[in-house]
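Below is one structure, written out as structure tokens; comments come after it.
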Amino acid sequence: MDLRLTGGSGMDVLSGLAQSIRPVITIALTSYSSGVIREACLSAGAN
């Protein structure tokens, strides 16, 4: 999942997947080293 999508946000996609009817396991892989980004991904629904 690219967190910086053209015309959108990977965080929005994570959030949408977390709210979907069917369970989806999502993994965010990023070069951002900030703990804030990690927490944001987890809050948005990444596993």
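Glycine too: its Cβ is placed from the backbone N, Cα and C atoms.
From a predicted model like this one, the values you see are computed outputs, not experimental measurements.
The domain 'Response regulatory' feature in TrEMBL is assigned to 1-47. Averaged across the domain 'Response regulatory' (1-47), pLDDT for the predicted model comes to 83.
D2 (4-aspartylphosphate) is surrounded by 12 other CB atoms, counting those within 10 A of its CB over all protein chains shown. The 4-aspartylphosphate annotation in TrEMBL covers D2.
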Per-state residue totals over the domain 'Response regulatory' (1-47) - DSSP helix, strand, coil: 19 helix, 0 strand, 28 coil
